[in-house]
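K.L.:
The transmembrane segment feature in TrEMBL is assigned to 21-46, 52-73, 85-106, 170-196, 222-246, 252-276, 288-308, 314-332, 344-363, 375-392.
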Amino acid sequence: MIIVRRLFSPYRVLRVMPSATHFFASAYVARLGMAMIGVSCVVMIAARYDSYALAGLVSLVGLLSMAVGGPLVARAIDRFGQRRIALPAGIISMACLGALAIEAYAGAPAWALLATNVGQVCAPAVGTLVRTRWTHILSDDPAALHIANSFEQVAEESCFVMGPAVGAGIAAWLFPEAGLIIAIVLSAGGLFGLLAHRASEPPVTRSEERHHILGAFRTPGLLQLAVTLTLTGAVFGGVDVVVLAYAKEQGLAAFGGVLIGFFAAGSLVGGLLYGLVPVNGLVAPRMLLGTLAMFALLLPLAIVPNAIVLVLNGFIAGLAIAPTLITAMTLCPRLVSTSQLNEGMTIVVTGLLIGVGGGSAVAGHVIESSGADRAFLVPIAAAGLAFVLAVLGRGRLLRAERERTAVPAPEPADRVLVAA
C-alpha cells in the first residue's frame, strides 16, 4: 500500500490546488449524465417503438448534430466566455432531451423524434470546458498540466464505462424514460455547478487577428490531430461492437459488457501510469509512440480463439489507448492560440466522437458479412492508419508545436486564481 501511495503521489498536486475539487466534481457529474444519454435514448425508443433501427437513427442524428454544432458553440465560448454561452446552450440541449422523453412516452411520430434531437447541436462539450480550466490554472506548470490531463482522461473513461450501464439499468428497473430523465438531471446539475464556479473560469482573451470563417481549423497541425483522434475513436467504436458480437457468437451475450470492461480497465491503468511520466520538451513526438503502441498492442486481436484470450489481449490493448488520448489533449493547447482554445479542443474531441460512430458502423457491417472474428480487423486497421498518419505528419506537428511554444502567451490581467 505504501508503494502504491508513493507511486501515485504526483496526483496529490491536484488535491491541494484551490477550488480544483469543486469544478472537477461538477464536471464529473455532468459527464456521467452525458455518458448515459446515448444508451438511454436507444433503450427508451426501442422499448416504446419496438424498433432498434429508429432508436439508432435518432441517436445518430444527435451525434451528428453535436459534431456540427460543437465547434461553433466552442468558438462562441472563446469569444464571449463559458458562462455566457455554455449556460443557455446547455439549457436548450437539455430542454430538447426532455421534450424527446415526452414525445417517446406520448408515441409521437418518428420525424418528431428526429427533429427534436437536432437540438443537440447546442450541447456544450463539458470535457473541453473543464480541460481549458486546467490549462488556464496550470499554464505555468507543464508537469502538473500533464498530470491533470491524465486524471481527466481516466475520469472521462470511467464515466463512459459506467454511464451506459447505469442508464440502461435505470430504464430497465423503472420505466423506459427513467434513464434519460436521470441523465438530464445529472448533466444539467453538473454543468450548472461547473459554470457557477467563477474562480477557475478562463478569462476571455482578445485577439488582434481577424476572425476567419474556418476558425481554429486553420491552425497548423490541428486537423492532423483531429483526424488521428477520429481513427482512435474508430478503435473505441469498433472494439465495443465487435466484442459484443463475439460474446454473442460464443454464447456469452450476458457477459459482453464485462468483456468490454477489460479494455476499459486496461485504458484506465495505462492512463494513470502515463500521468506519472514527466513531460520534458516537445509533446508531438509522443503521438508517434502512442499510435505505434496502440497498433502493436491491438494486433494480437487478429486471432482470438476464446473469451479468456480476449480478456487478456483486451486489457493489454487498452493500456495504450488512454496515453494516446492524453498526449493529444496535452498537445492541443500547444498548437492553438489562447483565444481559440475551446474551439480547438472541441474540434479534437468532435473528431473522436465521429470516429466512435464510424468505427461502430463499419464494424457492424463487417460482422454481418463476415462474422465477429474478421471484424476485429476494423479497430486494428484504424490503429494502423493512425500510426501511418502520425509517421507522415510527424514533421508538421513538430514544426507547429515549436512555432507556438517559442512565443510566450500573453498574460491576462485577471490571471490569478482566487480560492473559492
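Note that Cβ sites are derived from N, Cα and C of the backbone, with glycine treated the same way.
How about a rundown of where these features are and what they're close to?
P.N.:
With a threshold of 8 Å between CB atoms, the same-chain residues lying at least 6 positions outside the transmembrane segment (52-73) that come near it are 37-38, 41-46, 85-86, 89, 100, 110, 113-114, 117-125, 215-217, 343, 346-347, 349-350, 353-354, 357.
Nonlocal intrachain contacts for the transmembrane segment (252-276), taken as residues 6+ away from its ends with a CB within less than 8 angstroms of a stretch CB, comprise 7-8, 10-11, 146-147, 149-151, 153-154, 157-158, 160-161, 165, 239-240, 243-244, 246, 307, 310-311, 314-323, 325-326.
Non-local neighbours of the transmembrane segment (288-308) in the same chain are 228, 232, 235, 246-247, 250, 252, 255, 259, 314, 316-317, 319-321, 323-324, 327, 373, 376-377, 379-380, 383-384, 386-387, 389-391, 394; each lies 6+ residues outside the stretch with a CB under 8 Å from one of its CB atoms.
Listed by sequence, the residues of this chain that lie at least six past the ends of the transmembrane segment (314-332) yet keep a Cβ under 8 A from its Cβ atoms are 131, 145-146, 149-150, 152-154, 157, 222, 225, 228-229, 232, 235-236, 239, 243, 259-260, 262-271, 274-275, 279, 283-284, 286-287, 290-291, 293-294, 296-298, 300-301, 344-345, 348, 352, 386, 397, 401.
Panel annotation: around the transmembrane segment (344-363), residues 60, 63-64, 66-67, 70-71, 73-74, 125, 127-128, 131-132, 216-217, 219, 222, 225-242, 325, 328-329, 332-333, 335-336, 375, 378-379, 382 of the same chain, lying at least six beyond its termini, place a Cβ under 8 Å from a Cβ of the stretch.
Tertiary neighbourhood of the transmembrane segment (375-392): same-chain residues 224, 227-228, 231-232, 234-235, 238-239, 241-242, 245-246, 287-288, 290-292, 294-295, 298-299, 301-302, 304, 324, 355, 359, 362-363, 366-367, selected by CB-CB distance under 8 Å and a gap of 6+ residues from either end.
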